[in-house]
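Undergrad: The structure under discussion is supplied below as structure tokens; questions concerning it will follow.
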Amino acid sequence: MSDHPTAYLVLASQRSGSTLLVESLRATGVAGEPQEFFQYLPNTSMSPQPREWFADVEDQSILRLLDPLIEGKPDLAPATIWRDYIQTVGRTPNGVWGGKLMWNQTPLLVQRAKDLPDRSGSGLLSAIRDVVGSDPVLIHIHRPDVVSQAVSFWRAVQTRVWRGRPDPVRDARAEYHAGAIAHVITMLRAQEEGWRAWFTEENVEPIDVDYPYLWRNLTEVVGTVLEALGQDPRLAPKPVLERQADQRSDEWVERYRRDAQRDGLPL
């Protein structure tokens, strides 16, 4: 029996480059079927809708750009069924499991894990262990340029496309809004601070990768994760996703930096 871990969990915030990593790991065929399993809200069974990211915002110039809320249906599945589904769907035939967790999803994970039998503890680390079924390799992906990350988020939340290219017509309707981007920057910074505080509190030492390094060295990073799982690092593929940012995103980033300097917005 291998002494290597048989699971990994990518820890991140939205638009940090985590999809680039997990899709490359998925492409190996031996590194699980990683999904963002913990994004679904129990009251709707859906991932957060655009307006839910701006729940405390009253500025109508922001809200008018976001799709209205859909009611959804509550997720009534027992905790054990929920756990078993996650373990089954995230695993490749060789037994390796993969997943992705954002900091804003950690309360949901901890809350749902409370109802599992034979808990190993009550905190986040125990919740991860008890839901995944073992102690996974933890990989922390972060993006030092939070302005670019926030612009990417703001554009995606308007188009509802989180990977690949959006519909050109819908993308053309997306609008720059400094206040919305500022809101997202504050949210993303809080998520990253949450991860780093938790690492310190729990003495967790993940594989730590920033987005610029990941983008330039994707095959190497995938190989590192494969090696940690006891898999052949030579299976790491060439990049399978293209960069979503384009000239328009770059223009929004530069425009926001100017607005932030002038108006005292977060950077």
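Including glycine, each Cβ sits where the backbone N, Cα and C put it.
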Undergrad: Looking at the alpha,alpha-trehalose binding annotation from Swiss-Prot, with E33, P34, Q35, E36, F37, F38, Q39, P48, W53 already listed, which candidate in Q14, Q149 is the matching residue?
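TA: As annotated by Swiss-Prot, E33, P34, Q35, E36, F37, F38, Q39, P48, W53 share the alpha,alpha-trehalose site with Q14, chosen from Q14, Q149.
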Undergrad: Using Cα coordinates, what distance in whole Å links Q14 (alpha,alpha-trehalose binding site) and E36 (active site, proton acceptor)?
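TA: With the alpha carbons as reference points, the distance is 11 Å.
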Undergrad: Which has the fewest other Cβ atoms within 10 Å: P34, P48, the binding-site residues listed?
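TA: Each of the binding-site residues P34, P48 was scored by Cβ atoms within 10 Å; lowest is P48.
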Undergrad: When a 10 Å sphere is centred on the Cβ of E36 (active site, proton acceptor), how many other Cβ atoms does it contain?
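TA: A 10 Å sphere around the Cβ of E36 (active site, proton acceptor) contains 19 other Cβ atoms.
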Undergrad: Cβ distance under 8 Å to F38 (alpha,alpha-trehalose binding site), same chain, sequence separation 6 or more: which residues?
TA: G99, L101, M102, Q105, T106, L108, L109
